[in-house]
Amino acid sequence: ALDPLSASVLMVGAAVTWQLLSHQPWFSCRFVECCNMNDTLNNSALKVKLDTKLFGQHLAKDVVLKAVMGFSNNPSPKKPLTLSLHGWAGTGKNFLSQILAEHVHRAGLRSKFVHLFLATLHFPHHDQLKVYKEQLQNWIRGNVSACPHSVFIFDEMDKMHPGLIDAIKPFLDYYEQVDGVSYRKAIFIFLSNAGGDLINKAALDFWTSGKQREEIQLKDLEPMLSVGAFNNKNSGLWHSSLIDRNLIDYFIPFLPLEHKHVKMCIRAEMKARGYAVDEQVVQAVADEMTFFPKEQKIYSDKGCKTVQAKLDIHED
């Protein structure tokens, strides 16, 4: 056993050592989440994750990967990276935003540097619009001050009150600083069902004309998405200065999913649950999904959104 003096010396020495080490980022960041995008973002890993987990969305994968790689490799971006994801429910918008969040901050949506806003939850009352604008500005300002690499995800943009999102316009613009805070290294992601009908029609037109799905290019859809969102009173971006000032870097379409993509989702869910993939079960679950148009039945009307629930009833 140590005598009291020796024990005291050891305790003091340990305390001093801890104080010295705790001020070293390489040490403290092993115990407390740190704001450092460059330590966590791995572009190769992001590509693999998108290739193996996001099905039927060649446009979204290509655009997001190039946008994020370019942004992360730029030591001095002129503005925050701002993406607007459009398409019907179940096509992968939320899933992609989660993957991206995880590759900026390891904890993903659990990270204190990743912030998810739901229009119907956080901004439910139209008569509180002025209050919401002030709260939103203060929230973003405070979090970017704490972490320049903050990620902000706005879901249900099609349910957001028109004009509310314009409150963050100064933060997305080409300013070096706003009230002493730089927002240039932050990422903003908008998710919306608005424009889904336009995307579905374009995809069906390609199919009808005998073209391959993979032939659809961003230039075929992005212009009509930006115009459609600007003129759609239900888009949350209706007559928004974010569009008028060209502050959204990319309008990214999510295409409707075909039978083969739904089956990919089913197989992936089975693997995630630790099951061996049973093609009879895959087919049975796929057969319970509904597809459109009514005659051709090409595309799933709910994407992969109900796959988990439908797979539950096929568990032994």
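Using N, Cα and C of the backbone, Cβ positions are placed for all residues, glycine too.
Copied from TrEMBL, the annotated features are:
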BINDING   GLY87, TRP88, ALA89, GLY90, THR91, GLY92, LYS93, ASN94  ATP binding site
DOMAIN    257-312  domain 'Torsin-1A C-terminal'
DSSP-derived helix, strand and coil totals, residue by residue, for the domain 'Torsin-1A C-terminal' (257-312): 29 helix, 5 strand, 22 coil
Any further residue of that chain within 8 Å (Cβ to the Cβ centroid of GLY87, TRP88, ALA89, GLY90, THR91, GLY92, LYS93, ASN94) of the recorded ATP site: PHE95, ASN193, PHE254, GLY303, LYS305
Cβ-Cβ distance under 8 Å to TRP88 (ATP binding site), same chain, at least six residues away: ASN193, GLY196, ILE199, ASN200, PHE254, PRO256, ASP301, LYS302, GLY303
Lowest local Cβ density (other Cβ within 10 Å) among binding-site residues: GLY87, ALA89, GLY90, THR91, LYS93: ALA89
Neighbour-count leader, CB within 10 A, binding-site residues: GLY92, ASN94: GLY92
Local confidence of the domain 'Torsin-1A C-terminal' (257-312) - pLDDT mean: 95
